[in-house]
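Below: the structure, in structure tokens.
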Amino acid sequence: MKSTIFFALFLVCAFTISYLPSATAQFVLDTDDDPLQNGGTYYMLPVMRGKSGGIEGNSTGKEICPLTVVQSPNKHNKGIGLVFKSPLHALFIAERYPLSIKFDSFAVIPLCGVMPTKWAIVEREGLQAVTLAARDTVDGWFNIERVSREYNDYYKLVFCPQEAEDNKCEDIGIQIDNDGIRRLVLSKNKPLVVEFQKFRSSTA
């Protein structure tokens, strides 16, 4: 019994030490220059708006329910609020912290029942796409990295497979499918550059 407890404590300590921020680690900042709160809700908006907006769910291919994570085609649409949560016991989120990401909420959709909200990576049509699927997912975690030190609040999302080296992590970028839907996918060196804005409920 004692050996089981000691082993569990060892795993927790090893995981925590592996992801302690370095002395130069910086907090991820929102558009108000405030650090992102661990477990807080934010809009993730593209720095270059063009004709596209925030992040939301949509159905692609043969999906009936909106299980694919996409970028809105409407530049005025901020998308759905995202909850960023690190398992580390920290009040704020710093660069390269391991993160889970989920949508804050979904509208009730007939025939779909209770929608999953947590992001995952799934192999699909030769791509590794960001989805809300609960099966056949790639084990790993997301993190946030600055794109340029010149712009302290411009960032990219990165996905790291479990037990992979840093050089195996990949950026989250955009792939436009045949229907013009802008899907979030793993993309080598072509990240979607974003900023984070505090989420404010329309009912607040």
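Keep in mind that glycine also has a Cβ here, set from the backbone N, Cα and C atoms.
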Which of these links to CYS112 by a disulfide bond in Swiss-Prot: CYS65, CYS160?
CYS65
Do any residues at least six apart in sequence from CYS169 (disulfide bond), in the same chain, have a Cβ closer than 8 Å to its Cβ, and if so which, in order?
ASN143, VAL158, PHE159, CYS160, PRO161
Neighbour tally for CYS160 (disulfide bond), based on other Cβ positions within 10 Å of its Cβ:
17
Let me know how many other Cβ atoms fall within 10 Å of the Cβ of CYS65 (disulfide bond).
17
Under 8 Å by Cβ from CYS112 (disulfide bond), same chain, sequence gap 6 or more:
ILE64, CYS65, PRO66
